[in-house]
Amino acid sequence: MAKSIKVNALLNFSKQVVSTIFPLITVPYATRILGAKDYGAVNYTNSIISYFVLLAGLGISTYATREGARIRKDKQKLAQFASEVFSINVVSCALAYVLLFILLLCWKGERAYIALLVIQSFAIAANTFGMDWINTVFEDYAYLTIRYICFQVLSLLALLIFVHSPNDSAIYAFCTILPTFGGNICNLWYVRRYVKVRLTRHLHLKQHIRAILTLFANNLASVIYLSSDQTLLGILKDSRAVGLYSLPVKIYTVIQGAFNAMTYVMVPRLSALIAGNDDRAIQRLLDNTFRVLLTVVIPASIGLAFLSQDIIVVLSGEEYASGTIVLRIMSVTLLFSVFNCFFANGILIPFRLEGDFLVATSIAALMNLGLNFLFIPLWGINGAAFTTLLSELYILCHVGYSSRKIYVPSFSSKFVFSILLGSLAVAGVCWVVETFVSQSLLRIILAVFGSMVAYALIEIITGNDMAKELISSTFKRLSTIVHKHE
């Protein structure tokens, strides 16, 4: 991979690592202070707001990133394009708020949920007016990472200062949206360095609307099969079940996001290469990204499966331990979902084949809804997790097949052997630590560091060039950071 891609990938991955670290503090604190019922209530209302955020956003962020990257060198064209899609986004945002207002007027559930919905609805406007896709188009991952960390720290401080009892669930709800809300407010000024965006009546809907609506339908189907679990658990079970389920899902989502960052970071560069018809560079970029994912995701999935109970107990206590099986199921789902992202967001969408992705997500959403009504009454939270696994597996099969004319993964048996042998070592280290160490936090620390060392050594010994490059790049980057602060 080109040096800039490496740096961008490392920055974006660092951002996701930070998003992993902060929940290690915020989730245990929130779950213990609020309890499963009130913590579940916040997650339940958040799952509802996610649909309105989706409606307001349409498919504009993905569409704008893809198309904007193709014309980013032409400032005039980009300014016109940005103004048009921003104006479309403002209209969809207004529509989302009108529908939310109607929902609140007709609300028949617990009245306390209304306050949570109103607070969390600030995310709708923030996502619209922030125009974060502009930073992605110009691959400004340094700003995105620094901004994210700053507002995560601010959110953490607000949580620790103001949330002290179950009565503070509304404050907690605001703390959860603060990084998004604050970051996007900053964006209103920051993006001006790249492009001047203004409201315009000349929307050129014919040019944009088909792709936007297709991507919106993709996003809607994805939200249905990702968020309907919690929504239906709230309906078919109770808010406690949502709380028990949402913790392992949050852990899974954070880890998944770290790996998906490796795919998302290549999309602007890939779109530019597609516009330049550089087929050789396209294949090289796709091949390197796929091999990096394969190198890191398999051992991570195995480690997560072994450490599921310890992670949950350390984060939130024994009250949430019944979510262990959910997290173990999600550790398998991780394998499918990360490569779904690669084939769908890394290949189909940049090549303007979002229609194929729409078919996959639509079928998966219908599968997920139907199976949730079957499995949640039977197996509760474990049934909800299993339906997500089946949905992700189906999507992987579909998008992988749809991408075959553009990219087919190829790698040597030596490469596969090195990953499998290293993953076996990860399983062995986790098993030994689990057998001989009784304290959960110590088990996690020893298993993680022991597994990383064992896996790295085996990859070096067996000659995994991609793993060597990753290790070398990481140490070089760390060395640069250290020298800058000397």
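Backbone N, Cα and C atoms are what each Cβ position is placed from, and that goes for glycine too.
Listed features, source TrEMBL:
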- 48-65: transmembrane segment (TRANSMEM)
- 86-105: transmembrane segment (TRANSMEM)
- 111-129: transmembrane segment (TRANSMEM)
- 141-163: transmembrane segment (TRANSMEM)
- 169-190: transmembrane segment (TRANSMEM)
- 211-227: transmembrane segment (TRANSMEM)
- 247-267: transmembrane segment (TRANSMEM)
- 288-308: transmembrane segment (TRANSMEM)
- 320-345: transmembrane segment (TRANSMEM)
- 357-378: transmembrane segment (TRANSMEM)
- 415-434: transmembrane segment (TRANSMEM)
- 440-458: transmembrane segment (TRANSMEM)
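Contact between the transmembrane segment (247-267) and the transmembrane segment (211-227) is absent: fewer than three CB pairs lie under 8 Å, with pairs separated by 6 or more positions in sequence. When each of 48-65, 86-105, 169-190, 211-227, 440-458 is scored by its Cβ pairs under 8 Å to the transmembrane segment (288-308), the top-ranked stretch turns out to be 440-458. Comparison of 48-65, 111-129, 141-163, 357-378, 415-434 by number of C-beta pairs under 8 angstroms to the transmembrane segment (86-105) places 48-65 first. Within the chain carrying the transmembrane segment (111-129), a Cβ under 8 angstroms from the stretch's Cβ atoms is held by residues 41-42, 44-46, 48-49, 52-53, 56-57, 61, 89-90, 92-93, 96-97, 100, 103-104, 169-170, 173-174, 176-177, 180-181, 183-185, 187-188, all 6 or more beyond its ends. Residues 214, 217-218, 220-222, 224-225, 228-229, 232-233, 236-237, 344, 348-349, 384, 386-388, 390-392, 394-395, 398-399, 402 of the same chain, all 6+ positions outside the transmembrane segment (357-378), place their C-beta atoms under 8 angstroms from a C-beta of that stretch. Under 8 Å from some Cβ of the transmembrane segment (320-345) lie the Cβ atoms of residues 31, 36, 62, 243-245, 247-249, 251-252, 255-256, 259-260, 263-264, 267, 289-290, 293, 297-298, 300-302, 304-305, 308-309, 311-313, 357, 360, 381-382, 384-386, 388-389, 392-393, 395-396, 399-400, 402-403, all in the same chain and six or more residues away from its ends.
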